């Protein structure tokens, strides 16, 4: 593809797909921004007058916004900590040779294949339910008061459910990274007098840094937009104790039928996600350089 | 410091015994080379000495102390791995300092030792680089540096030169020999390359299927191989081994004659054959001689350039005092 002619031809040939992708992205984004500047409520049919930043000031000054923002960050950070630490520990365990290794590995990875709505429902009704749940049964068996997880600690419960879903992903990536560690390096460290903990912290952990970076980046993308688990379990409540930004946007546009404010919330979410992305890349992006 | 004794050491992986009972003494300050074809157990033996593998039975003594169940770090041995096993995320300085850091050594003393090792190995200009930014030879030197700073009782080398190109290998061979002369520490070196073994060793241990075939100085092995395996393995090109009627004339099952101990002539000689491939090295010429009726092929080394071509008739006469005789079990007849 070196000559000028072939390069021009190449550009011409890829242009349809580029234009299609661009349209796919830009049209919804443009419409969201456009709607966010209108007074557009489905309960008030008729005109959609241009109102400038009104929707934004309304959304940002809503007390639920601050709560949702904090909840979003807590959810992302909480799940990241649990999955990365748990993934490293599980990976270490699964890296050992043991009987039934193949089956155990499949069992560990299984939660990832369960749909978010299904797993959230299973957790809500079969584990966390204060009357029929397994945890309630266990508490009663021990003579304790059953704990109503979803009303007493809604955000923590959702963090638990989401962590359960994402732990397999982190485990899988970290396990493969561990298996790619040169055994001679560990042996050399052993000869050099490093005990098991020193070997783990000086050799294994630095080797895992790149895999951890990948896990954090990919999970952050998906965790910022957690929705199904909240809808199925708590509906963002009690109050707005488990409402994150995604759920708040949903509530504005589809529960209160306020398309304008919902769109403004969507744009705010995009901006915040990009801020998070910039910080993440600053902090850990250097790990990805070879 | 640095005397290692193996007493009836065996090693089995499951049902398979890779090292049958084996006795060996390595004296202080010796440069010992374990040599043998691949799969002969030489690396396993080294790992047993290092403590990276547990021995199945027997005893290992280091400086007269029983070290059989001592963990690797406490044996006072340092190892250089085939892949170098440098820590990729640490600078050269940190790599070399790692064993001292693990030993919780005082930082001033640590820096002194690291700087000394860097000077000895010509690494001073590379101390802040990562292993990924170094050439093969430099990585090799860092791995040696990491071994030196611990001031170990003995160094263990596991085929350290096999990843280097030919020219660099010759250089590093000299450097390691120099290092041995400077430090005068016991070194155990594993290789499958008999040239490395011959050039570097004070004492060579020839291994075959986990068994020690012969232990001795390079020239001892060259002049008096104890059996046909050692005879065929040591020396390049390989010794010619001849069986059958010709051997029986010398009251032996097999006779061996090295390529350099065959006199060539175009007119007359004891054995007659036809020249096959000839390899001209300038200083020497190697002929592959066919159709002698003695063996499939004989290798002959002639000094300088010899004007014999492919297909020419050639006469060979062995130097009778350099003939090796072996019995039916392959053992040397004195």
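In case you wondered, yes, glycine gets a Cβ from its N, Cα and C as well.
The stretch that TrEMBL tags with transmembrane segment, taken from the ranges A:41-67, A:68-94, is A:68-94. TrEMBL tags one of the stretches A:187-207, A:208-228 as transmembrane segment, and that stretch is A:208-228. Of all ranges given (A:155-175, A:239-259), TrEMBL attaches the label transmembrane segment to A:155-175. Through the fold, the transmembrane segment (A:264-284) approaches residues 29, 32-33, 36, 55-56, 58-60, 65, 69, 72, 76, 212-213, 216-217, 220, 224, 245-246, 248-249, 252-253 of its own chain, all at least 6 residues removed from its boundaries and within a Cβ separation under 8 Å. Within the chain carrying the transmembrane segment (A:155-175), a Cβ under 8 angstroms from the stretch's Cβ atoms is held by residues 71, 74-75, 78-79, 82-84, 86-88, 90-91, 94-95, 108-112, 114, 116, 119-120, 123, 128, 149, 208, 211-212, 214-215, 218-219, 222-223, 226, 229-230, 233-234, 241-242, all 6 or more beyond its ends. Sequence-remote contacts of a segment are chain residues at least 6 beyond its ends whose Cβ falls under 8 Å from one of its Cβ atoms, and for the transmembrane segment (A:68-94) they are 101, 104-105, 108, 155-156, 158-159, 162-163, 166-167, 169-171, 173-175, 177-178, 200, 208, 212, 215-216, 219-220, 223-224, 226, 240-248, 272, 276. A Cβ distance under 8 Å defines the sequence-distant neighbours of the transmembrane segment (A:12-35), meaning residues of its chain 6+ beyond its ends; these are 259-260, 263, 266-267, 270.
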